[in-house]
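One structure is given below, encoded as structure tokens.
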Amino acid sequence: MSERLKVSFAAPSLPASGALVVLMGDDLTLPSSVHEMIGKPAADAIARAVAAESFKGKASSGLSILAPPGLQASRLVVVGVGGASERAETDYVGLGGAVLGRVGKSKSVTLLFHEGPAGLRNDAEAAADLALGMTLRAYAFDKYKTKKPDDEAAGEVDVVIAVADPKAAGKAHRAREAIGEGVMLARTLVNEPPNVLDPEEFARRAAQLEKLGVEVEILDEKKLEKIGMRALLAVGQGSRKESRVVVMRWNGAKGGGKEAGKDAGKGAKDGAKPVAFIGKGVCFDSGGISIKPSASMEDMKGDMAGAACVVGLMHALAARKAKVNAIGVIGLVENMPDGNAQRPGDIVRSLSGQTIEIINTDAEGRLVLADVLWYVQDRFKPAFMIDLATLTGAVLVALGQENAGLFSNDDALCEKLSSAAKATKEGVWRLPLSAAYDKIIDSKFADVKNSGGRHAGSITAAQFLKRFVNDTPWAHLDIAGTGMGSPQSETNRGWASGWGVRLLDRLVADHYEG
Ligand code: BES
Ligand code: MN
Ligand code: ZN
């Protein structure tokens, strides 16, 4: 998995074998130093191949020349970077993925990045982004395949990126490595089958973060009962698997150390307040008594993508020693039909004291989040809470897989999330909340009901959550469309995306560190 790729940075030189990669814009000329390095025979071969393939240098298109003349490399790969005007907008992470996708079976790859086509950045940050893109592209979840294709058996790929200042690139790369590991950890959690990754196993994997200095606390059913998380427990009561809540704390702020993130930071200055991330962790969602149709039910192993993102994010923050106090809390349950399962018509008392009428046992994620959100604002008094959840099929109808649904009671937080989304290409699109939508989930028999029916399904789900945040600045990300079943991209060839790790790491880096 992450071990498939080893990236290093070096001064420009030609490799003795493997793939040599150069970048080319739509002017179809090579940067002068690159031309000089590879020599005239290889440059002529590129010109002939460009003509033969009608190569136009379009972004992420490519050209491959085997046994290139005058070079020891076994192949010479040209990757397009588009027109000069596009290059200011270049997504270097995506470009890194595109480069790796073009090198075929090569076990070593050298990219000449010290001088690119005009307008392309080639600084340390851009080089580190390329490396991150390659790392993410190389990820594959194949641990359950006992027969691997021959060409994969040999394992690791060595990548060398030629840059002007290898030391600076290496430094910039270290933070990206932490982020890449976080994304891949999230992907693996989402990809794991539900018989392996049940709530207890998920909690054990989250506890691995202790190695990085994260404080991890696992609340078992007895403890949850005592605290009063009856809405969360009601979801899990039909399963033979026990439910868990995991609290993760990273205290990286300067001086803040032990202070911030402590229970009920009463009177704490705003700067000392921790930031909090909450994840829906339904390890398998059968729908419960309101059972789902069987088509694609296997995808519901991914109904813990929100929780996976929170664990991946905490990994990234801790591994890059982010100067922030961050809390991650995940609610882990399995939603199953059973003689002991909750029924439509049941009324449960949530931790907040509000009573909830169960209309549909398949609207379970909001029950889990209701208790976790209330718990987090009550115990940690955070600066904000952001929850991630594969909450509604309706968000796929509204936004497809291009954007996560964003709901919030705080415009400033939305602005910050939107700019982090632009920077990382993990898109968010804000949808409305209002009193009129809220009314839809008033219950005949209890304070609130867990389903408002077909209309505005993602919004009424968010309105439900809003009743449990108690005026804390809050944003909800509905990632049912973006967290899994991802369309293939330059940086992801698999099913789980690890969506949100890069977005939220960026949010923290841009606004909550230092
Ligand atoms: N986990 C599902 C939502 C989901 C659907 C995630 C498709 C990923 C892909 C959620 O628990 C659910 O079942 N939601 C219901 C809510 C309804 C019963 C009010 C839905 O979306 O149909
Ligand atoms: Mn459901
Ligand atoms: Zn669900």
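Cβ atoms here come from the backbone N, Cα and C positions, even for glycine.
Remember, TrEMBL labels are computer predictions, not curated facts.
Noted in TrEMBL for the protein shown:
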ACT_SITE  Lys292  active site
ACT_SITE  Arg366  active site
BINDING   Lys280, Asp285, Asp303, Glu364  Mn(2+) 2 binding site
BINDING   Asp285, Asp362, Glu364  Mn(2+) 1 binding site
DOMAIN    360-367  domain 'Cytosol aminopeptidase'
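Shown here: features listed in TrEMBL, placed on the structure.
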| residue | record | DSSP class |
| --- | --- | --- |
| Lys280 | Mn(2+) 2 binding site | strand |
| Asp285 | Mn(2+) 2 binding site | strand |
| Lys292 | active site | coil |
| Asp303 | Mn(2+) 2 binding site | coil |
| Asp362 | Mn(2+) 1 binding site | coil |
Distance-selected recorded positions near ligand 3 (C-beta under 6 Å), from Lys280, Asp285, Asp303, Asp362, Arg366: Asp285, Asp303
Pairwise CA distance, Asp303 (Mn(2+) 2 binding site) versus Asp362 (Mn(2+) 1 binding site), rounded so that it is a whole Å: 12
Contacting recorded positions, sequence order - Lys280, Asp285, Lys292, Asp362 vs ligand 1, Cβ under 6 Å: Asp285, Asp362
Same chain, 6+ residues apart, C-beta under 8 Å of the C-beta of Lys292 (active site), given in sequence order: Asp285, Ser286, Met300, Asp362
Listed recorded positions (Lys280, Arg366), ranked by Cβ neighbours within 10 Å, top entry: Lys280
Neighbour count (Cβ, 10 Å) for Glu364 (Mn(2+) 2 binding site): 30
Rounded inter-Cα distance in Å - Arg366 (active site), Lys280 (Mn(2+) 2 binding site): 8
Sorted by sequence, non-Lys280, Asp285, Asp303, Glu364 residues with Cβ within 8 Å of centre, Mn(2+) 2: Val235, Gly281, Val282, Met300, Met304, Val333, Asn335, Gly365, Val368, Ala389, Thr390, Leu391
Recorded positions whose CB lies under 6 angstroms from ligand 2, from Lys280, Asp285, Lys292, Asp362, Glu364: Asp285, Asp362, Glu364
Additional residues around Mn(2+) 1, ordered along the sequence, whose Cβ is within 8 Å of the centroid of Asp285, Asp362, Glu364: Val235, Val282, Ser286, Gly287, Gly288, Ser290, Lys292, Met300, Asp303, Asn335, Thr361, Ala363, Gly365
Neighbour count (Cβ, 10 Å) for Asp285 (Mn(2+) 2 binding site): 26
Greatest C-beta neighbour count within 10 angstroms, which of the binding-site residues Asp303, Asp362: Asp303
Overall pLDDT for the domain 'Cytosol aminopeptidase' (360-367), taken as the rounded mean: 99
